[in-house]
Amino acid sequence: MWQIRASAGCHSSPGKDKEVTLENTMNFSDIYHSDEEYFRKLKDLRAAHAEAMVKLEKMYQDKLTMKDIQAALVGDDSSSSASEKSCSHPALSATSLSEPDLDRSSSLSTTTDELPDLEKKTPGEIGTRSYAKELINNMWNDFSVEDYTQYDSDLQTAKKNRKKPKAWTPRITVPVPFEMTVREQKRREKASDAQETREKMLKRNEDDAECKKKFRANPVPSRLLLPLYEDLVKQNEERRKKTRERSKAALLASQKPFKFIAREEQKQAIREKKLRELCRAKKKPKQFKARPVPRFIYRPPANVKPKREELYGDSRTQPKARDVLQSSPWPSHSTYRAFRDPRSPAMPRGKHRHRRLSPSDQGLEKWKEPFSEQSFRNCPVLCDQCCLYESLCDSNKRQKILADIRMGEEILKETRRPNPSPRHKSPRRSAHASARPCEYSPPMPTASSRGREQAIRRSEKARMKELARIGGAR
């Protein structure tokens, strides 16, 4: 691959002594399949590649040198004097290959011959500007005007010998538009001018027609009937303010108060309530308020239980006694007398004696009265055998006390405040006790109950007197 590149580089550089080709560097017939032969060929290829690279580098340097020389010549020609400019025409014509007087100019031939000699003498210093100036100065050393003078004979022979010169062809082409293009452009410009003139005339005619028309006022635009901008801004501001207040109130309503604020509000409410109660207490006189009846009053006494048991036994024996009494025969007078005589020795004394009654005895009806059907129908003992009444006297007293308590409660309801009190429960308790007499007995009169009744009576009398006085005053 390196040999191919080297050969390509050598072919691209004209005028060289030797050319490295692919056939000279690589001969496949000489290659053996041994390692030593392979490495030897590899070294040869590397050496050939290095030699080709050196040649390419030298060619590149020569090319750069020629470019520097041409640039220096162009710079010195532009800075030369006016006399040199007048004499530069024959020199330039001598350097050009197309001029016929190339053989006559000896000075120019010397300059062209000196260039390669100078390149051979100083190949490393050509790139500098000082060398270029020295070279230009040496070109004008052997210059003479006589070399450029021509005689008439020479001119005639030159005219005969010379062929017809060719026309001068400039190297820079100046573009000139075609006549057709120019004509098309003029026609286009003329059409655009005519169009503009036509539009101006139309616009002028329209303006004249508008001016000639009779004036007619247009209706009032609708935008004038709309409210002013200041009014709209004011309305929006009011609406925004109301919305802000509404949202603020909603936020305050949804906001939970702090604990100490709620506690202070509760304390303030309690203080106000106490002040109101104090004012009411000062205005109204203090009313009597009795304590509730103790519960032990409704409890049955200790001697009620044996009485209940005795009465329960009597209630069981009374039906049997009634049946025996109805079925037993009437006793005789002798037996009756013996039964009635307490001193009779025949009858034993004690609790086993039985009383014998005659049909004519007035006490028979009295004896049968407790066992009548009316008494058994009204007596709740037979209906509820577990609950028994006590004596009639005790029940009357109890009913009287309960009636007094009810009357006192009704009187107190009229003069009492609307809020409920513990005394309201006493009528229900008394009614329950009256409905269940077997479990509760009516309360016994005490000193406190008697004092309460007297106070109720006194207050009732005072109220009646006050009502009578007010009615008389009216």
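Each Cβ is built from the backbone N, Cα and C atoms, and glycine gets one as well.
Noted in Swiss-Prot for the protein shown:
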COILED    188-250  coiled coil
COMPBIAS  325-335  compositional bias 'Polar residues'
CROSSLNK  Lys397  SUMO2 cross-link
CROSSLNK  Lys413  SUMO2 cross-link
REGION    78-126  region 'Disordered'
REGION    185-210  region 'Disordered'
REGION    274-454  region 'Required for interaction with CFAP418'
REGION    308-364  region 'Disordered'
REGION    412-474  region 'Disordered'
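Long-range contacts of the region 'Disordered' (185-210) within the same chain, counting only residues at least 6 positions beyond its ends with a Cβ under 8 Å from a Cβ of the stretch, are absent. Regional average pLDDT for the region 'Required for interaction with CFAP418' (274-454) in the model is 62. The Cβ neighbour count for Lys397 (SUMO2 cross-link), using a 10 Å radius over every protein chain in view, is 15.
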